Amino acid sequence: MSKRKLVETGMHPNNPYFNNPPDFVALAQLYPSLAPFVAVKSSESSKGTSGSGTRGIINFQDPSALRELTYCLLKKDFSLDLEIPLDSLCPPIPNRLNYICWIEDLLDIDSTKDIHGIDIGTGASCIYPLLGCSRNMHWKMVATDIDDRSISFADSNVKRNHLDNAIRIIKNNSTDIFLALLFKDPEQRYDFCMCNPPFYKDEQDIQDSLEGKEGQASAVCNGTINEMITAGGETQFVKQMVDESIVHGQRIRWYTSMLGKRSSVDTVIAYLKEKKILNYTLTTFRQGRTRRWAIAWSHGNAHASRASMQHISNKMIKLTPPKTILSFQCKGSTVKTILRSIENLLDGLLIQHRSGATDSETDSTMVRVLHCTAERNTWSRAARRALARESAEKGGEKSGSKTAKEVADSALAPVVLEFDIRVSLTFQSTCPEVQSSSTSKRAATPAQASHMIEFTWTIGEDRALFESCFLHFRNKFQQDHTTMQEQAP
Ligand SMILES: C[S@@+](CC[C@H](N)C(=O)[O-])C[C@H]1O[C@@H](n2cnc3c(N)ncnc32)[C@H](O)[C@@H]1O
C-alpha cells in the first residue's frame, strides 16, 4: 500500500471497512431492526451495494438510524452487543476503528505480550475498550469517565459482552484526568492511553461548529453536555493531559488523544514543544467528509514505529517532529548483495544486527529489515582515534589478543542507540527479483533496479548520534558498494 493511497482514502488499511463500506441493504436483511432506516436507491457505482445495482441509504441525521447501524455493525463484524441511550454520543464504528488501528501500529510489539491501556472518557458505549479488546485478546484496559450514567451503561456493556476480565470501568471523581487509582499499584505500567475528549468549550463553540466553521461531522452529533463540552474545550483538556503526563512520565509509554478541530493540532503541538516534549507523532483519521486528528507523545526513548507514521498527510508534514527516518538510494544491485554489504559494514562497526519480520505495507515482496543495536559509538572520528590508541597500547602488552569488541568496550563509553535498516525495491517494473513469468515481457538486469535503504530510529535520546551513525554508514556503504560493483565480473 503506497503512502499516497493511504492518505487519499484516509482510512487505515487494517480497518475492516477500508475499501469495504458497509452494505446497508444486506445488513438490513441480516438484522430486520435496521430495515426501517434503510432506503433503497438505484446505483451506478458498485461500492456499498448489495450487488443488484441498488444501493442502501441511511439518513445520518437521524439518531435512531445511526444507533441501529452502530448496533448492527458491532454485532455482525465484532460479535459485540451494545446498548446506549439515544441522547448520548453514538460512536461511528469505522472512525473509532481508525484510532484503534493506529494504536496497534504505535505499539508495534509482539502480540502475545499483555498490553495495558487506559481509555479516558469512555462514554456510555465504552467503544474503544470493547473494540480494542475484542480485536486484541492480549489487551487489558481501564476505562474512566466522570459521568454516572455513562459509567453505568459502560459497565453493563462490558458485562453483556463477557469482557469484564479484560476491561475495568472506574468513575473519575477527581479534577485530575489521570486519577490516582490508576497508579495505586507502584509496579503498574501502561503501554498507552487513549482519549476522545469533549471537543467544545461552550454552547457557542458547538453552534460555530454546526455552522460549518470547524470540525463539523457529516453525521448528526448527539451528545450529552459532559460528552460535548469541557472547560476550555479539547485543547485545554489535552494540555492538562500533557501537564499530568510530565508527572507520570514513563508509567505510560504512549500518551495519545484524538482532536476534533484542525486548529487544536497546532495548539497542542506548540504546547508539547514548549514543554520540551519532542518525542511525538500525529495522524489524520477520515471517514466520509469527517476528519479527525490524533496525537501521541512519549517520555520514553522509544520512537513512534514506522507504521504509525504512514498516515500523515502532506499538509501536516510541517507539524511533524524532526525525522526519525533517514534514507538513501542504491542503484544497480540486488537485495542480497546490498544486505551482504550492510551486514559487513555493521560487523565492522561492531553494531549487532538480527533479521526482522518484513512488514506488509509495501506492494513489493522484496523488503528486508534488520534490527540493529549499537552499544558504543565506533564511527566518530574521536572514537576511531580512541580505538587506534587502545589497540596500539594493548598491542604492546602481552594481552594483545583482545577482540575488537573488547578493545571498544575498554576504550569507548556505552551509548543507547537502536534502529532498523529496511531495504526495499523502489520501482518494480524492470527488476528481475519481482517479475513473475506472466508479467515479464523483457529481460531486466540488476543495473536497472533501484533500492531504498532506510534507517528508522527506534530507541535513543541522542539525535546527533543517530544522524552521525547514518551519515557514516551511508558514506562507507556508497564507497564500498561502488568498489564491489566495479570488482564484479
Ligand atoms: C466525546 S465523549 C467520548 C465518548 C467515547 N469515548 C467515544 O469516543 O464515543 C467524552 C467523554 O469524556 C468524559 N469526560 C469528560 N471529562 C472527563 C475526565 N476529566 N475524566 C474522564 N472522563 C471525562 C465525558 O463524560 C464523555 O463521556
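Including glycine, each Cβ sits where the backbone N, Cα and C put it.
So that you can see what the record holds, here are the features copied from TrEMBL:
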| type | residues | note |
| --- | --- | --- |
| BINDING | ARG96, GLY121, ASP145, ASN196 | S-adenosyl-L-methionine binding site |
| COMPBIAS | 387-405 | compositional bias 'Basic and acidic residues' |
| REGION | 385-405 | region 'Disordered' |
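Recorded features from TrEMBL, shown on the structure.
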residue	record	DSSP class
ARG96	S-adenosyl-L-methionine binding site	helix
GLY121	S-adenosyl-L-methionine binding site	coil
ASP145	S-adenosyl-L-methionine binding site	strand
ASN196	S-adenosyl-L-methionine binding site	coil
Among all the protein chains here, how many other CB atoms are within 10 A of the CB of ASP145 (S-adenosyl-L-methionine binding site)?
24
Annotated S-adenosyl-L-methionine contacts ARG96, GLY121, ASP145, ASN196, maximal Cα-Cα distance (Å, integer):
17
Taking the centroid of the Cβ atoms of ARG96, GLY121, ASP145, ASN196 as the S-adenosyl-L-methionine site, which other residues of that chain lie with their Cβ within 8 Å of it, listed in sequence order?
LEU89, ASP119, ILE120, THR122, GLY123, SER125, ILE127, TYR128, CYS195, PRO197
Hey, what's the Cβ neighbour count for ARG96 (S-adenosyl-L-methionine binding site) at 10 Å?
22
